[in-house]
Amino acid sequence: MRHLLSVTDLDRTAATELLDEAERFEQALLGREVHKLPTLRGRTVMTVFYENSTRTRVSFEVAGKWMSADVINVSASSSSVSKGESLRDTALTLHAAGADALIVRHPASGAAHQIARWMDGWARESGRSHGPAIVNAGDGMHEHPTQALLDALTLRQRLGDIEGKRVVIVGDILHSRVARSNVFLLHTLGAEVVLVAPRTLLPVGVQSWPARVSHHLDAELPGADAVLMLRVQAERMNGGFFPSAREYSVNYGLSERRLALLAEHAVVMHPGPMLRGMEIASAVADSPQAAVLQQVTNGVHLRMAVLFRLLVGAQEAIA
């Protein structure tokens, strides 16, 4: 695996191996007073975020540091990007500065794929076996593969297996890269996926996705093994998608009443940040069925696994 750009690059075996690797890292860190492994000593990981992030950026940073990598955070607002530098020049500059891996978040769909093409082209032209590994940390409304992987890891830990489970994804499907990645990864892992949203928040072509579409949340909750709530991405909207926040919450928010419709074993998830009181009630977000903080913890271990596979390979042992 040279890059991680899309969940569609992973078959069931590859995805399962990453989940297994993440759990091995979790076990390797248990009982250690200092969370530090020498696995990536001497490697340089750079995070390049053109959009704001807390969970993804921090967890990649922690993942790299726990494996002894040198981690450098590049903020678009404080770099030469703010002076008009192109994405290509920024990527090549960071590579020339010694990056072994670039973790990229960008508002344009396909940005990480383009950087990977530039890096692979540079490697061919220079006669090298490869350039830096590229990880897609979110590209516009397209994909967020590591989020889908950590969600799958959380589901596996809570439910025992993903095969045959029903996962209901609720909310702003239209603008959600998390929804897209989850739909395709969960399908690969054998889950049944149901999308619940108002018609205005469904993308064109959603009928071709491996998921069933519904507009009635109450009808879908009793048979769900897991519910993944999505934030309404107001920053990507210009109005007119639904009448009001209150009406949206009434129709598509996960309230205490709706929580009671779920089976006792069902898991409630959210990729964050949560809009408490809109798509999810505080009492639900803080309930025993909620796995929101477990998702964050799993994000570190999963991203350790991704960096390990990209920079070391599957045959090496975890130190």
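Cβ from N, Cα, C; glycine included.
Summarising the annotation, Swiss-Prot assigns carbamoyl phosphate binding site to Arg55, Thr56, Arg105, His144, Gln147, Gly272, Pro273. What Swiss-Prot records for Lys83, Arg177, Arg231 is L-aspartate binding site, and it gives sequence analysis as the kind of evidence.
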8 Å Cβ shell about Arg55, Thr56, Arg105, His144, Gln147, Gly272, Pro273 centroid, carbamoyl phosphate site members excluded: Ser53, Thr54, Ala137, Gly138, Val178, Pro271
Spatial separation of Arg177 (L-aspartate binding site) from Gly272 (carbamoyl phosphate binding site) - C-alpha basis, Å: 13
Least surrounded among the binding-site residues, given as Gly272, Pro273, when other CB atoms within 10 Å are counted: Pro273
Alpha-carbon distance [Arg177 (L-aspartate binding site); Gln147 (carbamoyl phosphate binding site)] in Å: 9
Distant-in-sequence Cβ neighbours of Arg177 (L-aspartate binding site), under 8 Å, six or more positions away: Gly138, Asp139, Gly140, Met141, His142, Glu143, His144, Gln147
For carbamoyl phosphate, whose listed binding residues are Arg55, Thr56, Arg105, His144, Gln147, Gly272, Pro273, the greatest C-alpha pairwise distance in Å: 16
Sequence-distant neighbours of Arg55 (carbamoyl phosphate binding site) in its chain (C-beta under 8 A, six or more apart): Pro271, Gly272, Val296, Gly299
Arg105 (carbamoyl phosphate binding site) in three-state DSSP notation: strand
Sparsest-packed among the binding-site residues, when each Cβ's other Cβ atoms within 10 Å are tallied, from Arg105, His144, Arg231: Arg231
